Amino acid sequence: MRAGVIGAGSIGGVVARALRDGSVPDAVLSGVLDPAGPPDLPVLTLDELLSTSDLVVEAAGQRALAELGPRVLAAGRDLLVVSVGALADDALLEELLAAGPGELHLSTGAIGGLDLLRAAARMAPLSRVTIETTKRAANLVQPWMSAAEAERLRTASAPVELMRGPARKVTAAFPKSANVAASVALAVGDWDAVEAVVVADPGAELTSHVITAQGTAGSYRFEIRNQPSPVTPTSSAVVPHAVLGAIAALAQPRVVFR
Ligand SMILES: NC(=O)C1=CN([C@@H]2O[C@H](COP(=O)(O)OP(=O)(O)OC[C@H]3O[C@@H](n4cnc5c(N)ncnc54)[C@H](O)[C@@H]3O)[C@@H](O)[C@H]2O)C=CC1
Ligand SMILES: O=C([O-])CC(=O)C(=O)O
């Protein structure tokens, strides 16, 4: 399988180098598309990427997925999405689903438990599904925040709850930090069932995601505590490895959990 990568930052850069170095059996790097043009990686145009890849990994952000995702699928290339939060836009999701012949795949990204939540939600609708994300306060500053609010975050001395609301709203408000809220909503198949919370903690060494759900199938609590990426600390360092695991499963579908 030839895999191309859109966005060669903290996630896509690790993925591209691992593919280039042959660490995934039966998968090779075709190249990367990134205006930042990492010097050690083969940088291609979109047309070149599409003509030399079987699978394209999006690791460039929610806006890039909206701009480029439909073209990847329409060119007949499979697409593995990391910026899952962009799918909170129903119109984009419909466009991507209609855009084939390429197939759409979603990365599990920074979290786990999505398979069990999906199974439990199929048994009977879940109630009270929540995901609480806690990150280092200074990394959660957003362009829509007032200067005073941004400064309060940068100088916070205690944890602050920044937003609590429907997953759709929270993933759009924190596009680099709360894609996981969308992942939980897509796993349970109900955007309105999932409440997302973002907490800024000046003392947080690790990024945490605590997912809870109750239903007929049982009661669930997943606590994930990830090391932040040293390059882009809003992203967990494990994310590129989730992507590489997905590529390995697509390239060589043997002994794969589904
Ligand atoms: N599903 C999940 O659990 C997670 C999803 N993410 C998503 O992954 C995205 C990428 O994360 P990082 O690699 O840490 O960010 P990063 O900032 O380190 O890298 C992003 C790269 O994409 C490039 N880029 C931006 N727009 C582009 C475009 N239109 N075409 C090509 N390249 C473009 C940038 O130049 C940069 O090199 C985040 O913005 C977020 O949406 C991040 C963490 C977890
Ligand atoms: O990497 C993480 O821990 C989660 C993240 O940034 C996101 O969901 O956008």
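Backbone N, Cα and C atoms are what each Cβ position is placed from, and that goes for glycine too.
What you are looking at is a predicted structure, and each value in this text was computed from that prediction instead of being measured.
DSSP states for the domain 'Aspartate/homoserine dehydrogenase NAD-binding' (7-99), grouped as helix (H, G, I), strand (E, B) and coil, give 43 helix, 15 strand, 35 coil. If you look up TrEMBL, you'll see 7-99 marked as domain 'Aspartate/homoserine dehydrogenase NAD-binding'.
The Cβ of Ala110 (NAD(+) binding site) lies under 8 Å from the Cβ of Asn179, Val180, Thr207, His209, Ile224, Asn226, Ser235, Ser236, Val238, Val239, Ala242, each of which sits 6+ residues away along the same chain. Under the heading NAD(+) binding site, TrEMBL lists Ala110, Asn179.
Under DSSP, the residues of the domain 'Aspartate dehydrogenase' (158-243) split into helix, strand and coil as follows: 25 helix, 35 strand, 26 coil. Summarising the annotation, TrEMBL assigns domain 'Aspartate dehydrogenase' to 158-243.
Using a 10 Å radius centred on the Cβ of His209 (active site) and all shown protein chains, the other Cβ atoms total 26. Among the features that TrEMBL reports, active site is placed at His209.
Around the Cβ of Asn179 (NAD(+) binding site), the number of neighbouring Cβ atoms within 10 Å comes to 28.
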